[in-house]
Amino acid sequence: MNLNHSYSFQDSLYSNSRFLSNHEMLDVSCNVSRARLHPDDTLVNSDDRSENLNLAFRSKKDFAIGAFWLVVCILSSATIGPVVLMVPAKSTYASISWRSQGSCLIMAVWSIVSYIRYSKQKINRSFDATESQRLTTWEKIKKDSSPRNLVSTGFMSFFLFVWVFGLVLGCKYTLTAHADVLFCSNGVFILLIALLTCQYVHKYEIVGYIIYGVGVTIMLSDPNATKTEEGMNKSLGNIIALSGALGGALYGIISTKMKRDSPREVCMFYLFFGHFILQMLLFPHIEENPLLFSMDPEYGLFGWLSDPWLILMMLGFVCPWTSILTNYSLLEAYKYWTLDIVAVFYLTEPYFAEITAIFLGQDEIPGLQTFIGVTILSLGIVLSIYGSKTKAANSTLTRRKDPEADIELSEHM
């Protein structure tokens, strides 16, 4: 093969690599060529530390920071279903909306404070500041609200809405442990999407998820798993929660694939504002409630604003813990870990969710069959974690040996 032609082809592949998936290595194979894209070729956002989605494997400090955000994300996420159902509203849809409204309000204040700080800091900046740092406050607001950022955040908002909505509604009809297991099964959909798009998947990931599926099946068929309150419909709750998991998979892919250069607080404001808009459009068609758009403290979407104690509870605990911290830590985790590693570790979240539900009196202690299923799916989780970690570590090692080798061509090409 002509050497110049080979370099030209390689440059062409590299220049278009940002249009490919970034959450793990991508193998594009045919009879005559093979290209491999490493996961750190696309930015999650404009932060310098997000240049590499394998950042956790670069140093012990980064590993510890990434592990911290992953643990915070799992623990806070485990309380979403039980805590939102604990909110004193007889309408589940009102509880969901109160959480989004409070989060949107908090992030709006946070964003305003951030822009005020930017305005004050700009006065003291030196002449050698970067072009983005020389922007006026209004120019920065327009830049952060650019169509690219709004489109990316809009997709994230929609899929996150589907994900969380599936969890909360699933917890209403089925056991919290069951709904949470299915809610956290977004890694299964990520694996399927990777296989359908011919991406590289470690064999232990496939085996691990198969074992996980066997454990989930045994767990869901436990006849002794019941809720303490009436209105239980296990099949409906399981279907809703599993459907939400697909939204979680797409949320993760969009979060890591689509580039954003807005600050985290601004991104999250638009994220929750999008939730609120979707709720206003969809909830009236889902629930026949004449008080839906009122400030009724039990059935109104704005009922939390009618009671100072509800305002304090929502803004002081429910929204910061189950919404803002969960999403902030998840987006931070995506900076340090690959998408599949986050998804696999997320499978451990149902353990903490069920403990929370039992402690709050929402679930009864499940039967022996559930514990057998948990034991089996735990083995699947361990295998999947090992496969994802091995794949990410090998990718990082390859980049260390040859940082320029973003594209590897077959010698037979």
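Heads up, the Cβ atoms here are built off N, Cα and C, so glycines get one too.
As recorded in TrEMBL:
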| type | residues | note |
| --- | --- | --- |
| TRANSMEM | 63-84 | transmembrane segment |
| TRANSMEM | 96-116 | transmembrane segment |
| TRANSMEM | 150-169 | transmembrane segment |
| TRANSMEM | 175-197 | transmembrane segment |
| TRANSMEM | 204-221 | transmembrane segment |
| TRANSMEM | 236-254 | transmembrane segment |
| TRANSMEM | 266-286 | transmembrane segment |
| TRANSMEM | 309-331 | transmembrane segment |
| TRANSMEM | 343-361 | transmembrane segment |
| TRANSMEM | 367-386 | transmembrane segment |
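Ranked by number of Cβ pairs under 8 Å to the transmembrane segment (204-221), the listed stretches 96-116, 175-197, 236-254, 309-331, 343-361 are led by 175-197. Same-chain residues lying 6 or more positions outside the transmembrane segment (63-84) and placing a CB less than 8 Å from one of its CB atoms are 55-57, 95-96, 99, 164, 167-168, 170-171, 176, 179-180, 183, 318, 321-323, 325-326, 329-330, 332-333, 335-337, 342, 345-346, 348-353, 355-357, 360, 362. Below 8 A, the CB atoms of the transmembrane segment (236-254) and the transmembrane segment (266-286) form no more than two pairs separated by six or more positions in the chain, fewer than 3 in all.
Residues 45, 93, 96-97, 100-101, 103-104, 107-108, 110-111, 114, 144-145, 149-150, 153-154, 156-158, 160-161, 260, 292-293, 301, 323-324, 327-328, 331 of the same chain sit 6 or more residues outside the transmembrane segment (266-286) yet have a Cβ under 8 Å from a Cβ within it. Taking Cβ pairs closer than 8 Å, the transmembrane segment (343-361) reaches residues 70, 73-75, 77-83, 86, 171, 175-177, 180-181, 183-187, 190, 205, 208, 212, 228, 249, 252, 337, 374, 377, 381, 384-385, 388 in its own chain, all 6 or more past its ends.
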